[in-house]
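Below is one structure, written out as structure tokens, with a few remarks after it.
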Amino acid sequence: MRRGGWRKRAGEGDGWGGWGGYMSAKVKKLEDQFRSDSAIQHQRDGNSSSIFSGVAIYVNGFTDPSADELRRLMMLHGGQYHVYYSRSKTTHIIATNLPNAKIKELKGEKVVRPEWIVESIKAGRLLSHIPYQLYTKQSSVQKGLSFNSICKPEDAMPGPSNIAKDLNRVNHIKQCEMESEITPNGISSWNEEEEEDSDGLGFTKLDQILPERKQNGIQSHKDSTAIFNGHTHNTCISALKTQDCLVPSSNSVASRFSPGPVQEEGKPEKGIVDFRDCTMQQLQQSNKNTDFSWNPHRTMSNSSSSSSLHSNTKINGAHHSTVQGPSSTKSTSVPTPSKAASLSVSKPSDCSFISDFYSRSRLHHISTWKCELTEFVNSLQRKNSGVFPGREKLKKWKAGRSALKTDTGNVSVASSAKPQSCIMHVDMDCFFVSVAIRNRPDLKGKPVAVTSNRGAGKAPLRPGANPQLEWQYYQNKLLNGKAEIRIPDKLDSLVWEHSDSAHMNGVDCDLTVLSMAEIASCSYEARQAGIKNGMFFGQAKKLCPNLQAVSYDFNAYKEVAQTVYEILASYTHNIEAVSCDEALVDITEILTETRLTPDELANAIRDEIKAQTKCTASVGMGSNILLARMATRKAKPDGQYHLKPEEVDDFIRGQLVTNLPGVGRSMESKLASLGIRTCGDLQCASMSKLQKEFGPKTGQMLYRFCRGLDDRPVRTEKERKSVSAEINYGIRFTQPKEAEAFLLSLSEEIQRRLEAAGMKGKRLTLKIMVRKAGAPVEPAKYGGHGICDNIARTVTLDHATDSAKVIGKETLNMFHTMKLNISDMRGVGIQVQQLVPISKTTSAQSAVQSGRLPGGSHSVIDLLHVQKAKKCSEEEHKEVFVAAMDLEISSDSRTCTVLPSRGTHLTAGLNSNVSKTDSAVKLNGLHSPISVKSRLNLSIEVPSASQLDKSVLEALPPDLREQVEQIYTIQQGETYGDSKREPINGCNTALLSQPVGTVLLQVPELQEPNANMGINVIALPAFSQVDPEVFAALPAELQAELKDAYDQRQKQPEQQPANAFVSKNPCLQLKHATTKNKKKIRKKNPVSPVKKIQSPLKNKLLGSPAKNMPAASGSPQKLIDGFLKQEGAAAQLEAVPSTSDASDPSALQTEQCGSFRPQAPNLAGAVEFNDVKTLLKEWITTISDPMEEDILQVVKYCTDLIEEKDLEKLDLVVKYMKRLMQSSVESVWNMAFDFILDNVQVVLQQTYGSTLKVI
């Protein structure tokens, strides 16, 4: 059919208006849609501009930002976005790469990079597109004419262009200067007239361009030029160019702009990490007569009268006391350069430096208090007597009130109903400030901040410091994401040195900067003035001149925190210590027992906290942790809010996504690009879309959290993963010896912390912060680290240690390999990981190191003989199966099965002196690298408790000992009356399946030692199987004995042929199953072995003769396959001929037994499919509104089926639920099914790479 034929046949009256009418209508529809979306976008963002008025773009190919983001930007700033290219209407083509054919086709068109749009928005006006052209005819050696473009006054938009008129770009970008002088460092100067013409529009009105960028309200600087270390330079610093530095900062970005504040001191309250809280407003000052200034260190008070030093005096002389008015009796000061030499400051080389630093570090105190409070809660739970004084008071109060209401016949129905699960979130209001002013009535109701500086907020500019360039570096780093910004080395001598000049362009400058002492906490009155936690004190003083500063009082903070937790502990011990001023409490049990409402309980707790501490607390309550935390936001300050289940949907829809845990700046930006700003918007996105954008786990988390679903429990105990000590404040070394001495001192600090935690560590990490090449020698913050590179080295020790000598030695070795410039070191840290409790290793290690092993033996051979004498004479050998499975298939990557000997009877008894908390990884001196903490699955079959030697059990390493004790605990619940499960030869016939890659390890019975040899050499394992950690822990004489034994065995001739190795050689041996056998087994057994064991349908067929034929081959893989075929077949095994040889395969088959059978997947106890169907039908038909706990239980049952590879039953269950739930009249059941199905599909996708087809 020729082109256009169908159109002619359609006729002119079809509504399209002739040829091309369809596309014209489509394009018009897209334009109308763009205009309508623009209006919606303007209402949502709250601002707009006309920067791109008259500009119509067409995006060709992949761009960064994406086409959707560029479309959104054009909506906001007055441009047009064309889905289809039009030569007559499209003004600019946006692309990052084009093929040669496209280049020729678009010859003469304006093809520019997407940076043109982004940087035009940053500049606040339409920039010239020429520097951003994707391709140009100008050769690389051809020079261009540097004419300055002329901008009309009406082109300038309110925004950064009125402050820094234009910024030089690396690629010779020529922009409008508007008579402003471009300084060498790229920051434009401006005069008083220009600012008056702009009607005072500066950084304070940047929110007109980006509405969500909250500003602190500082007026722009007037009548000054930017100080470049006090003097001018002739070289433009391209690595730290500033055209991106003047972008309006959001609240989150602004709170993190600091050119390297101290990590331990420079964070806001409750330990929130804010390393770069240097906002753009800190580049300005409201007074036009004040020169551009920064504060790289603490300031000195103008008052000359000084008082005694406060207990919180900071190291390096950064915190001194002077009298400063009635509201601040102490002040932080930093000496001027002329006085610095005369002041005694603490140095890292001083022996008391580390202790002084941590004694005055706020964040160190906060983290330490959290550990102490967590241990306090744990100790209460261990010593729980069941008596709660607070709860008893509530009962009495409730009884009295009920008696009064009974007289009037007005009993509360809500209090008599059984409450559902309820979590309470207790958060103190402005904790540091509240504690500081509780005895200061003169400060109540006034703007107050807790900080180390109480002066005027200014300090002298130190030589060598360059705050502007540090600010530019952090600004660019945040704006460009993780992109590394290169700082040329050659700038060292040109830019960073020679800061003695106090002139710039011939103008004298006041070398004072704003104080960079950070505010740890501020009152709500101060927050109303724009001050926030983490802001620099100098900037805060500009915002609020009446701001009153108070000093730290760590003893008072600790006292109040302990009081708060004691109050909570008087009601319940189900407490999770979040911080010194924050806690999560499970109050379900309290509400059930006292019959109070959540509001009544919260009110009682808040009143008691206020009465005892004189500080207020806010309380949020909800059915889970997420809702409780969100309710607290609404309750603050000094209030309480109970988010009821029926209010959750309406409440959470209006919440910003930034209020959800785990959503930071990066994720917020990505969600915004998808048009998602609130939880209501997020609910419209499917789980598949979220998982595609953010990954399976994060996508599922967002999907659940935006609906108010959170199954995280209140955790009272948290396993400690590491112990560390890091310092990045005041670190300055001049000689290698100083650094080495400091590392040794830090190792001693690590030892103290390990001993306090009762831990030993096996993995050491050394972290060093080194000044970045080209960065200022002196950072903007006094004593801070500045712009640095982070270097780390890690080593794994042979055995866990808490010795400062061992840690120091290994640390020095790693330090020497780094080959660093000592003078550039700015931070040092040591971290210890792979922790093991000291109490769990002391008994075994002390016995080994002293040469006295359990049972009074003095060597490994004696230990083995002692064990043999204590066991039954029928015991002939042990076998250990270590099965390794690919880690990519499952996290349960290894399975270790220890089979008991012949004649060992399994019982359910467990000796009372066996501790549940112990763990181990060794067996009779044989080391296994498998650790419970690495989440490996260990299944161990052990002898009965009556046959167990206590001394041997105590000598076992912690991980293996814990596994043995866990199996004994499981055996307590098992019964052995069933004849089908009667032990054979003292062994239970159940055996876990052995996965691919099985290795057979024989531990034969020890022969009597040969008198001529003096030691049984054959009983030793192969030298390659000896664990270095075990060997290193032996005493010196025992090591020598073992070395002699190995040397002696090497001299003995081989007496056994290779083919008789299995049956006659009693030495330890490893046999690997062949790939051929694996393939055959897989073909014969398409059903998973695990499912074969655990399926309840298969349990009835265990006695079938067809399934109990003995294995005819002696190979390990066939032997294991034979075990799987003979579960419970006692009669068949009796008919199998066996030899007297202990290593004969048929004889071994009678001993392959297990005492542990994992529980089959069940739904509330229902295992069979018919039972599950009945339970599901009853659940769906009798309940109109399903509970979250029930839905999660169904999800767990389905995921258990996936783990058991019972996909057939899973398919039936899902389809049955779909029929029932979709036939229900209640729409909530449809939502419940979608939620269940989404979770099941996620697990299936992760496990099998595919999903379930539900029709």
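Each residue, glycine too, has its Cβ placed from N, Cα and C.
The model shown is predicted, which means the values in this text are computed figures rather than measured ones.
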When you get a sec, could you say which of 170-180, 357-367, 412-422, 808-818 is annotated region 'Interaction with target DNA' by Swiss-Prot?
357-367
Of Asp427, Asp429, Asp442, the one that Swiss-Prot places in the same Mg(2+) 1 site as Asp581, Glu582 is Asp427
Of the ranges 664-667, 668-671, 796-799, which one does Swiss-Prot flag as region 'Interaction with target DNA'?
664-667
Tell me which range among 191-232, 1073-1114 Swiss-Prot lists as region 'Disordered'.
1073-1114
Can you grab the distance from Asp427 (Mg(2+) 2 binding site) over to Ser521 (dCTP binding site)? Cα atoms, rounded to a whole Å.
14
Sequence gap of 6 or more, Cβ distance under 8 Å: name the residues on the same chain that satisfy this around Met428 (dCTP binding site), in order along the sequence.
Ser434, Val560, Val564, Asp581, Glu582, Ile609, Cys615, Thr616, Ala617, Ser618
Quick check on the domain 'BRCT' (47-134): DSSP residue counts for helix, strand, coil, in that order please.
28 helix, 13 strand, 47 coil
For the binding-site residues Asp427, Glu525, Asp581, work out the Cβ neighbour count at 10 Å and name the residue with the minimum.
Glu525
Which number gives the other C-beta atoms within 10 angstroms of the C-beta of Ser523 (dCTP binding site), all protein chains shown included?
27
Within the region 'Interaction with target DNA' (720-728), count helix residues (DSSP H, G, I), strand residues (E, B) and coil residues, in that order.
0 helix, 6 strand, 3 coil
DSSP helix, strand and coil counts for the region 'Protein interaction domain' (1156-1255)?
69 helix, 2 strand, 29 coil
C-beta crowding around Arg527 (dCTP binding site), within 10 angstroms:
16
What does DSSP say about Arg362 (dCTP binding site): helix, strand or coil?
helix
